[in-house]
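Undergrad: Swiss-Prot lists these features:
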REGION    1-276  region 'Amidoligase domain'
BINDING   SER18, LYS197, THR198, LYS199, PRO200, THR201, GLN202, LYS233  UTP binding site
BINDING   SER18, ASP157, ILE158, GLU159, LYS197, THR198, LYS199, PRO200, THR201, GLN202, LYS233  CTP binding site
BINDING   SER19, LEU20, GLY21, LYS22, GLY23, LEU24, ASP76  ATP binding site
BINDING   ASP76, GLU150  Mg(2+) binding site
DOMAIN    301-550  domain 'Glutamine amidotransferase type-1'
BINDING   GLY364, LEU392, GLY393, LEU394, GLN395, GLU415, ARG476  L-glutamine binding site
ACT_SITE  CYS391  active site, nucleophile
ACT_SITE  HIS523  active site
ACT_SITE  GLU525  active site
Amino acid sequence: MPQARTIKHVFVTGGVASSLGKGLTASSLGELLTSRGLRVTMQKLDPYLNVDPGTMNPFQHGEVFVTEDGAETDLDIGHYERFLDRDLTRNANVTTGQVYSAVIAKERRGEYLGDTVQVIPHITDQIKARIRVMAEPDEDGRTPDVVITEVGGTVGDIESLPFLEACRQVRHDVGRDNCFFLHVSLVPYLAPSGELKTKPTQHSVAALRNIGIQPDALVCRADRELPEDLKRKIALMCDVDSDGVVACPDAPSIYDIPRVLHSEGLDAYLVRRLGLPFRDVDWSVWGDLLDRVHKPSERVRIALVGKYVDLPDAYLSVTEALRAGGFAHRAKVEIAWVPSDTCETESGAAHALSGMDGVLIPGGFGVRGIEGKLGAIRYARTHGIPTLGLCLGLQCMVIETARALAGLERANSTEFEEPCQHPVISTMADQHDVISGDRDMGGTMRLGSYPAKLVPGSVVAEAYGETEVAERHRHRYEVNNSYRDRLSKAGLVFSGTSPDGRLVEFVELPRDQHPFFVGTQAHPELKSRPTRPHPLFAAFVNAALEYRAAERLPVDISDSVQESTASV
């Protein structure tokens, strides 16, 4: 009888400072192990008390990444999906809010049989249960070889302690030979002395050891290469094998990180330590990606007109989907961050958008900056600039075309104006109690993957290459069906709807009116992969490239025109 395969656990922690790139490090390691033929899944443990990031300010948290099954998760889950090239579920993100809610609910039901409910063992047991779920077979019945779990926050944070203790207990439960602790730390460079300093990393590792965790390997983040003697010093002072000290200086692209970690031998070291099957990394797919990243044959400039552009992480999946769309055409996408407020006037929109090859209107919430988004759409529509609207972007496209083409000057959304003379965008039927405050706001939007039917021959159908698609959603408002006929007569094409025809999913202008003017109620950026660009983004970038090429074409001026010009 064959011996049951043991699932390996890799825990990724961070020290010294936040925003070191733990998520990208973990994702890159996952990509390397996947390229070695291993089945990898990933999880993020977030120490904040929010149940999920769905109600958090984008300026504080960045984007909310929505999974296929409708979970609102941390943006690192997006990194995991893009690097692993696989869909994850709601189990991939665990927060303190979820853990405490579950434990308190059990206590109220009497499941603890009168025990005093404590952080240890009740909270830690709940965290361990969430970690164990990741080791179970997926919907296809396949069990992972490796579960990579990233612990959010920084070692030393009070709120991280229960999660770190749970990880320590998992090592005890499954055996030390089946666990690997990877610690990401900062090695700062002090310009006055001209030195890289190891003391912060030593203190960070000491803090980990104080709670019973000895890291097996260290990823040392720095703005420059680490000398070998410095790596040997870190290995000695932190009690880590020399092969386990990995230098990870800043890379030109996030997609270079797997190559950097591989060149330092991290994946080979981990495979040996965990006794995993040793196969060479297959670079065929990722190598082709890096070739497209670093050797573009063309460039294209896209304006991203948003409300949260001061924090680019608020649009992380959008920017990566745009870049991936460029990779599909061996083009480098240069993103111009345009605050939507600057486009409220015609002159402001012209100043911000002239010279752009494409305009993207991303999602968002609230009335601030909406007139600027409408101004940007108006400029792009009237100047024939390829335009893509996502979620709120579609709604703004509908409002703008209703005002400009259908003669509904007071057209608006009930999100921004209530009551509204022409509510071309209205609250979804099952969302009225949320808007009125009678139901919780968190986790109640239309979330997750939903199917759509596309009109054959439409721009979106040709982009997808099919007429039945499914995309992820996150919204409370929709196109008001009572205005669909009037908008259609004005020239707006409803090129995709829900299978029952009730919900508008895609709109566009005909090709004879505009080269590419497409909006979707969905968030297609969430399904884009660097190695498999989303077809809608690939089509948008292609339209931008064609627009750029047309702008550069020489213009023939007839002799009569030249003569009349000369005589003026």
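Glycine is no exception: its Cβ is also placed from the backbone N, Cα and C atoms.
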Undergrad: Can you tell which of the binding-site residues GLU150, LYS197, GLY364 lies nearest to LYS22 (ATP binding site) in space, using Cα positions?
TA: GLU150
Undergrad: If you count other Cβ atoms within 10 Å of each one's Cβ, which of the recorded positions ASP76, GLU150, GLU415, GLU525 has the most?
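TA: Neighbour-count leader: GLU525.
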Undergrad: From the centroid of the CB atoms of SER19, LEU20, GLY21, LYS22, GLY23, LEU24, ASP76, the recorded ATP site, which same-chain residues not already listed sit within 8 A by their CB, in sequence order?
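TA: Here the non-site neighbours turn out to be GLY14, THR25, ALA26, HIS79, GLU150, VAL184.
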Undergrad: With an 8 Å cut-off on Cβ-Cβ distance and a minimum sequence separation of at least 6, pull the same-chain contacts of GLY21 (ATP binding site), or say none.
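TA: Once residues fewer than 6 apart are set aside, GLY21 (ATP binding site) is near VAL184, ARG221, CYS248, ILE257.
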Undergrad: Across the record's CTP-binding residues SER18, ASP157, ILE158, GLU159, LYS197, THR198, LYS199, PRO200, THR201, GLN202, LYS233, the largest CA-CA distance in angstrom?
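TA: Overall maximum Cα spacing for these binding residues reaches 31 Å.
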Undergrad: To test your reading of the L-glutamine site: which residues beyond GLY364, LEU392, GLY393, LEU394, GLN395, GLU415, ARG476, same chain only, put their Cβ within 8 Å of the Cβ centroid of those residues?
TA: GLY363, PHE365, CYS391, CYS396, SER413, ILE425, HIS475, TYR477
Undergrad: I need the least crowded one of these recorded positions (LYS197, LYS199, LYS233, ARG476, HIS523), counting other C-beta atoms within 10 angstroms of each C-beta.
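TA: Comparing Cβ neighbour counts within 10 Å for the recorded positions LYS197, LYS199, LYS233, ARG476, HIS523 gives LYS199.
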Undergrad: Work out how many Å separate CYS391 (active site, nucleophile) and ILE158 (CTP binding site) at their Cα atoms, rounded off.
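TA: Taking the Cα atoms only, CYS391 (active site, nucleophile) lies 38 Å from ILE158 (CTP binding site).
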Undergrad: Please report the three-state DSSP label of LYS197 (UTP binding site).
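TA: Where LYS197 (UTP binding site) sits, the three-state DSSP reduction gives coil.
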Undergrad: Determine, from DSSP, whether ILE158 (CTP binding site) sits in helix, strand or coil.
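TA: In three-state terms, ILE158 (CTP binding site) counts as helix.
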Undergrad: Suppose we draw a 10 Å sphere around the Cβ of CYS391 (active site, nucleophile). How many other Cβ atoms does it contain, all chains included?
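TA: That number is 23.
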Undergrad: If you count CB neighbours within 10 Å, which one among the binding-site residues THR198, THR201, GLN202 has the smallest count?
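TA: GLN202, out of the binding-site residues THR198, THR201, GLN202, has the fewest neighbouring Cβ atoms within 10 Å.
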Undergrad: Between LYS199 (UTP binding site) and GLU525 (active site), how many Å separate their Cα atoms?
TA: 41
Undergrad: Which whole-number value in Å describes the distance between the Cα atoms of LEU24 (ATP binding site) and HIS523 (active site)?
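TA: Here the two Cα atoms lie 22 Å apart.
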Undergrad: Ranking the binding-site residues LEU20, ILE158 by other Cβ atoms within 10 Å, which is at the bottom?
TA: ILE158
